[in-house]
């Protein structure tokens, strides 16, 4: 079995693959202070709950945008899984032609999403990942990673409103009913969601013009992808496991 880690700024997602099938997954909080043993206890408990034997893990691959967590996770893999993990970064085979000015600056999550997007949906395409930051990545007709845009995530935007406006409460991110709202909470939800939908549609519209290609597919992933995609005009597919799939594909490329 293959254990994959997608480590984001807020959460990390773990998945287990048997061949090309995702058989288990878990979402936990990314904690920069946790030691390898603390992660070992937490992950072992998750495995036990779902009857997963840690000794059945054959290999591990990690994608992380949080450098401070890598040491603990790598030590967890060595101590508890008895495996040296494959880490997405410079020198790893991805099969991706990156056209960035400095390819080393491209986040591991964006590379992994691009690999999965091309494999599953083809090119040209735009990949949107709704995480702590929302990333938009453009893939050319030739399957090249051209670059993209990074915007503040919707939760960051909502939290900034709460933190900066003393009389406004923290609100749940929920689908609004209308824009002419009758309460402060619904007014904030409407402004946050519809405002963010406008941001997404506008960036995708401009990116499509810059790609100058026919039939550009737009694929969204991330925790809030379904909520935003249901309101946009521009997202074609929502794939909640795009990053995990990309990790599996990259792992397989590095076994060839």
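Glycine is no exception: its Cβ is also placed from the backbone N, Cα and C atoms.
A 10 Å cutoff on Cβ-Cβ distances gives residue 109 (active site, proton acceptor) a total of 27 other Cβ atoms nearby, all chains included. Residue 109 (active site, proton acceptor) falls within a helical segment according to DSSP. The annotation active site, proton acceptor is assigned in Swiss-Prot to 109 on the grounds of sequence analysis.
Annotated ATP binding site per Swiss-Prot: 6, 7, 8, 9, 10, 11, 12, 13, 132, in sequence order. The 10 Å shell around the Cβ of residue 6 (ATP binding site) contains 29 further Cβ atoms across the protein chains shown.
Positions annotated as substrate binding site by Swiss-Prot: 100, 107, 108, 109, 110, 184.
Long-range neighbours of residue 129 (K(+) binding site) (same chain, six or more residues apart, CB within less than 8 Å of its CB): 109, 110, 113, 135, 137, 220, 221, 222, 242, 243. The feature K(+) binding site is assigned by Swiss-Prot to 129, with sequence analysis given as support.
Put simply, residue 107 (substrate binding site) is 13 Å from residue 132 (ATP binding site) when counted between their Cα atoms.
All protein chains included, residue 132 (ATP binding site) registers 19 other Cβ atoms within 10 Å of its own Cβ.
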